[in-house]
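Straight from TrEMBL, the features:
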- 21-41: transmembrane segment (TRANSMEM)
- 23-212: domain 'Cation efflux protein transmembrane' (DOMAIN)
- 88-107: transmembrane segment (TRANSMEM)
- 119-143: transmembrane segment (TRANSMEM)
- 163-184: transmembrane segment (TRANSMEM)
- 190-212: transmembrane segment (TRANSMEM)
- 216-289: domain 'Cation efflux protein cytoplasmic' (DOMAIN)
Amino acid sequence: MSGHGHHHHHHVDPAAGDARVGLAVGANLALTLAQVVAGVISGSLALVADAIHNLSDALSLGIALAARRIGRRPADAAMTFGYGRAEVVAALVNYTTLIVIAVWLLAEGVTRLVAPEPVAGWIVVIVAGLALAVDVATVALTWAMAKSSVNIRAAFLHNLSDALASVGVIVAGGLILAFGWHWIDAAVTLAIAAYILWQSALGLVPVVRILMLASPEGLDTEEVLGAMRGVAGVGDVHHLHLWRMQEHEAALEAHVVLDGTRPPQEVRLALRAMLEDRFGLAHSTLELETPETACAEPRAIGHPV
């Protein structure tokens, strides 16, 4: 006997969210072109770094938009769990891209720090100021959605870090104009790269946990197991699995051995109610067994390898 229960949550208006992300993509693509041209003309590596980061912003937002649309598809014969994890995969791609860019910028920055090249500070200040305005606008467009989506949050962090990078580039351009410190361009590049690397590493952790089917953060597996065993009518629980189907939807699967003191359906309903009320687990699959049909030498958590 097995039972299954679930419901779904929706946190963001899809149409409004897609429109915001689409607008942010267009703005970042236009800014990238302007920064690349200005970076080459002025000789500023920091400006080129900011341009590459902006291009990654546009790509990340484009991937985020596609993933949002794919993720709303209903489950089908090929994808029986649905397409919700498309957003998680998109976040993995975005963070990995950022790490690769950061490593390249670190290498280039060190080279420029050892052998500084002349930089046209006034071009740097003007274009970085324009970049900052676009970055702030993009951050504002995606801020509300970043709270409820790991995918949009990755794209949001792209743009937030780029806004901070633009501030650094403006400061560098000002110092070059005021004091002729051309080495500051490389120093700012290294700071931008280090920040990108740090933020990306932090962002990867929850994404990898979801893809590795780790137990949801904030849920104590042993506590869940003990609570299930404490429900009247339950003799034992084994083969317990806890995981996130997608960012906002946790699931549970377990074998429940009945002790014969309550009707099976009553035990199932009591377990589901307890799991949802106490742990927020609205998606559960319970395999009911009798002592005679229970698995031999089962593991409490997971299946034998």
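Positions of Cβ are set from backbone N, Cα and C atoms, glycine also.
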Maximum Cβ pairs under 8 Å to the transmembrane segment (88-107) - stretch from the list 21-41, 119-143, 163-184, 190-212
190-212
The answer for the transmembrane segment (190-212), taking Cβ pairs under 8 Å and residues 6+ beyond its ends, is 46, 49-50, 53, 85, 88-89, 91-92, 95-96, 98-99, 101-103, 105-106, 109-110, 113, 150, 153-154, 157, 161, 164-165, 168, 244, 246-247
Take every residue in the domain 'Cation efflux protein cytoplasmic' (216-289), average their pLDDT values, and give the whole-number result.
93
Excluding the flanking five residues on each side, which residues at least 6 beyond the ends of the transmembrane segment (21-41) place their CB within less than 8 Å of a CB in that stretch?
47-48, 50-52, 54-55, 57-58, 61-62, 64-65, 68, 120, 123-124, 126-127, 130-131, 134-135, 137-138, 141-142, 145, 152, 155, 159
Per DSSP, what is the helix/strand/coil residue tally across the domain 'Cation efflux protein cytoplasmic' (216-289)?
25 helix, 30 strand, 19 coil
